[in-house]
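> Quick one: this structure, given as structure tokens, is what I'll be asking you about.
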Amino acid sequence: MPEETQTQDQPMEEEEVETFAFQAEIAQLMSLIINTFYSNKEIFLRELISNSSDALDKIRYESLTDPSKLDSGKELHINLIPNKQDRTLTIVDTGIGMTKADLINNLGTIAKSGTKAFMEALQAGADISMIGQFGVGFYSAYLVAEKVTVITKHNDDEQYAWESSAGGSFTVRTDTGEPMGRGTKVILHLKEDQTEYLEERRIKEIVKKHSQFIGYPITLFVEKERDKEVSDDEAEEKEEKEEEKEKEEKESDDKPEIEDVGSDEEEEEKKDGDKKKKKKIKEKYIDQEELNKTKPIWTRNPDDITNEEYGEFYKSLTNDWEEHLAVKHFSVEGQLEFRALLFVPRRAPFDLFENRKKKNNIKLYVRRVFIMDNCEELIPEYLNFIRGVVDSEDLPLNISREMLQQSKILKVIRKNLVKKCLELFTELAEDKENYKKFYEQFSKNIKLGIHEDSQNRKKLSELLRYYTSASGDEMVSLKDYCTRMKENQKHIYFITGETKDQVANSAFVERLRKHGLEVIYMIEPIDEYCVQQLKEFEGKTLVSVTKEGLELPEDEEEKKKQEEKKTKFENLCKIMKDILEKKVEKVVVSNRLVTSPCCIVTSTYGWTANMERIMKAQALRDNSTMGYMAAKKHLEINPDHSIIETLRQKAEADKNDKSVKDLVILLYETALLSSGFSLEDPQTHANRIYRMIKLGLGIDEDDPTVDDTSAAVTEEMPPLEGDDDTSRMEEVD
């Protein structure tokens, strides 16, 4: 912009103050922060320093491809400036700065996805220090400040000032104050009762606790006093100046701080005639002290680092308020050199599997220079909960995202990171208590890994834990299951479903439990995807007890008995298949039922009832896929059950008996429900049940006392046994 235009515009811009309303959720969040009492308010400084560090990361990354970006200020640093007179604490960084649009959007008008989630967490009793994890750390400034001013300069825009006292709105204006070059200055006008955050000792304590591992120098500016020896003339001059200054500031009550040296000294000076008369005065000066001189923790020897140091670094890296659960610190040398420090958090983030979320939380450095923190190629998606840093010696400093996608070095780093993560989980599994905490939070990630990562499937399968029919309230590994297998047992049996109680009471596990065969209960939706890929474990096939062709260990006598039953019930199976027609693929005698009369099993490669339920619940499901993937259903009957035996006798006496048809359909629909399927026409099934209830209660269908409405319903109800030929089951079904 030409200089003339700038000067012409300036007076207008000075007057032009734009006011904006905070987005509703942000206003609500600020109100919550201001009006609720929080004991650990100090986290505001961690959040603001963390934001400054991110801004410095961004400008450093941009400067790798375009060094001229740093012409507006080569030094990358963070300054903390407390001012007791004005009651302000200022945080200055030489980061990327913000344009006017950034200011308006980032600080008020566009709510981040975490705003609502954080408020819900707060109201549920979560700690305020979680704020950084939800991307709204800036607003923590209002824990201690009554007003916040943000002055910022981006290379592509003018210098702007943002200001708000959190009354539901904020202002933005062009800033005509001291030019910044580039960066952001956050000025906190502290509340009267929060002046402790202007104390040197307190600021140092907070930075050491939360931010000592930030990768840029954090310098504290403190006004101090020191004794200075001057001659009488100079002292008088200084006194006069101070008096004038005090008059100007209307503080004439305070005497200038001049310290007289003791009379002994004066006598000595009198004796020494060569020396001029001297006095000591207090001189004010600004002391600068760098607060984070610790070198990057990942470059140090793991043996020299304490658990506390790892904990402090983890917290400064992640803004987590809890300790990490486990840590892995290693370096790889040889053809390729890199160091890595990986952490497992104590709990999964609220948006772990959100698509919009960045794909990983590992910061990539090249020779101690931060490059990026969302490099998707660095670690697979199923390990996206791992936090940490990777520092490579071999990648070029100015590497772009496109180059990273093709980089062979990165592929090797990725392979090593996955290997070390699995090592870490295996080590963690040795401590039952800690592994239980880990598994509660991240079992879905392990199962997703089994589905996606064929190379590491075997190792990941060793990390799985499940409830079984023999484990009670304790989860066991597949290895534990194998050690308890019966001598003649060839397979690992499992059942999928919604809850532990539901699968434990399922008809499918009756025979297995009776024979003392352990069944694994898989009760998470992701288990269905997991077992599609996990076909075997330690040479033993995983077999679903809800699918056809279930082989159970049995001796010759049992086999012979089963064959006899098949022959005896062959005719009934044929009659039932004719009645059910296309509803089922076939009707067979079951070897898995004990107390239930029948069940519906699915074909070997089709979906289980549970998978069908999951797929039907998908918002974006493809109905054409549903048609051919929904499994072919097989009806299995229990030859030892009295209902089935009586039905056989009735069918053989008169296969055209209407009641046989009704009962077969009722049995089929009830078996569908108990096997976990849903009914296509639940109303018809309900009407059949109501009709049976009426028969059981002895209510006569032709009773004139029955009102018209119930008569109308009765007309729609399907017939039951004993009805005459005019009512036809076919018409209903």
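Any Cβ shown, glycine's included, is placed from N, Cα and C.
Keep in mind that what you see is a predicted model, and the values were worked out from it rather than measured.
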> For which of Ser68, Ser263, Ser727 does Swiss-Prot record the feature phosphoserine?
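The phosphoserine feature in Swiss-Prot corresponds to Ser263.
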> Give the number of CB atoms, excluding that of Ser642 (phosphoserine) itself, located within 10 Å of its CB.
9
> To the nearest Å, how far is the Cα of Lys490 (N6-acetyllysine) from the Cα of Lys58 (N6-acetyllysine)?
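That separation, Cα to Cα, works out to 58 Å.
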> Just going by other Cβ atoms within 10 Å, which of the modified residues Ser454, Ser477 has the emptiest spot?
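Among the modified residues Ser454, Ser477, the lowest count of other Cβ atoms within 10 Å belongs to Ser454.
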> Which number gives the other C-beta atoms within 10 angstroms of the C-beta of Lys459 (N6-acetyllysine), all protein chains shown included?
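For Lys459 (N6-acetyllysine), the 10 Å Cβ neighbour count is 17.
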> Which residue, out of the modified residues Lys58, Lys84, Lys444, shows the minimum number of other Cβ atoms inside 10 Å of its Cβ in this structure?
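Among the modified residues Lys58, Lys84, Lys444, the lowest count of other Cβ atoms within 10 Å belongs to Lys84.
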> So if I draw a 10 Å sphere around the Cβ of Lys586 (N6-acetyllysine), how many other Cβ atoms end up inside it?
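Taking all protein chains shown, Lys586 (N6-acetyllysine) has 15 Cβ neighbours within 10 Å.
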